[in-house]
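*Asks:* Structure in structure tokens, see below.
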Amino acid sequence: MGQIFSRSASPIPRPPRGLAAHHWLNFLQAAYRLEPGPSSYDFHQLKKFLKIALETPVWICPINYSLLASLLPKGYPGRVNEILHILIQTQAQIPSRPAPPPPSSSTHDPPDSDPQIPPPYVEPTAPQVLPVMHPHGAPPNHRPWQMKDLQAIKQEVSQAAPGSPQFMQTIRLAVQQFDPTAKDLQDLLQYLCSSLVASLHHQQLDSLISEAETRGITGYNPLAGPLRVQANNPQQQGLRREYQQLWLAAFAALPGSAKDPSWASILQGLEEPYHAFVERLNIALDNGLPEGTPKDPILRSLAYSNANKECQKLLQARGHTNSPLGDMLRACQAWTPKDKTKVLVVQPKKPPPNQPCFRCGKAGHWSRDCTQPRPPPGPCPLCQDPTHWKRDCPRLKPTIPEPEPEEDALLLDLPADIPHPKNSIGGEV
């Protein structure tokens, strides 16, 4: 089945292209709950299956793990089926909030078939993130941070704001794997966040710890010191888990970014598929919105207002300007750049002319289709011959010397006049 996956090598494996980070972290948390632990082969098969499943993104908006499990082929290799089973069980255990009843009106109710009136919005029942859960009965798995672990975590949250779903899911996954103490969490906070964010987090954490100590925690002994000190003991696994939950909850009170949100300026390109545009919006909202902020109303509003004109016309024609996101995706599913075929204007061919060609004098073809070379416009400027161009003039060609007669060739072999030697005294010999 492959070698057991080493958790110290990379705490957060890379997600497949096109899948939001918080969805991928849910799959990772479910995979780490397997007993025995997942292998690298399991992660490879999980990525391979998710790439195939992303071709039908209906199960994402909202996410439905039962529908995703129905797309899994029978006998699929790896432990993908077990991972999906854990996600389905976790999704069923978390109670969903009931949808608010529609407001009753004393007057007549509008008909359901009116396309101008959007249907009432129903809150998604699927959880956006999974809580930190450890295998039941597992021994303490505390491991101090290493610099490569901190660098890998910081790289994952570099594009996410503190308190956003992607930031929180990454931190939850790191807490689940390393089971850090209070001192480890303080080091992680100082490494990831600025001094201002760390100060605000520290104030909120102190208030949460005071409330928890007043309320009472299982295993907490006031005579043994504050909760922060007792959570540093690796043997106090229960108190350490309580402190981890309080430390994560302190991020909920952090203020958002003061600058204009980047997701408000995301527009759909003229040739961009609609589902790719919605996925970009979804990822940007995950990175920018603080945890607990309802994302779906903002996503549905931007999915219509920031779409291109053609997709807006499709949504208006089908009455899905404020519908659930799945209906909007299905409405624009048929519109893709591949379907926009170019209309070519084909001119009918003219019949061959009956008149003779201007070049060769034969009938049955046009002069532009004639195979004869084009005649020169006038006589050659060198030799005044009207039958050829200047580039073909014989005067421009190099002249070949004529062969000499045979007698002259024989004379060339004879020596030339030999100079007579002179005496040293003077005079010829």
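Every residue, even glycine, has its Cβ placed from backbone N, Cα and C.
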*Asks:* Looking at the ranges 90-107, 306-323, 378-395, which is given as zinc finger in Swiss-Prot?
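*Replies:* That would be 378-395, the stretch labelled zinc finger in Swiss-Prot.
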*Asks:* If I go by Swiss-Prot, the feature motif 'PPXY motif' sits on one of 38-41, 118-121, 354-357, 362-365. Which?
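*Replies:* The listed stretch tagged motif 'PPXY motif' in Swiss-Prot is 118-121.
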*Asks:* Could you check which of 124-127, 156-159, 240-243, 368-371 is flagged in Swiss-Prot as motif 'PTAP/PSAP motif'?
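*Replies:* In Swiss-Prot, residues 124-127 carry the label motif 'PTAP/PSAP motif'.
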*Asks:* Per DSSP, how many helix, strand and coil residues does the zinc finger (355-372) have?
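*Replies:* Once the DSSP states are binned, the zinc finger (355-372) shows 3 helix, 0 strand, 15 coil.
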*Asks:* On the 0 to 100 pLDDT scale, where does the zinc finger (378-395) sit on average?
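*Replies:* Mean pLDDT for the zinc finger (378-395): 84.
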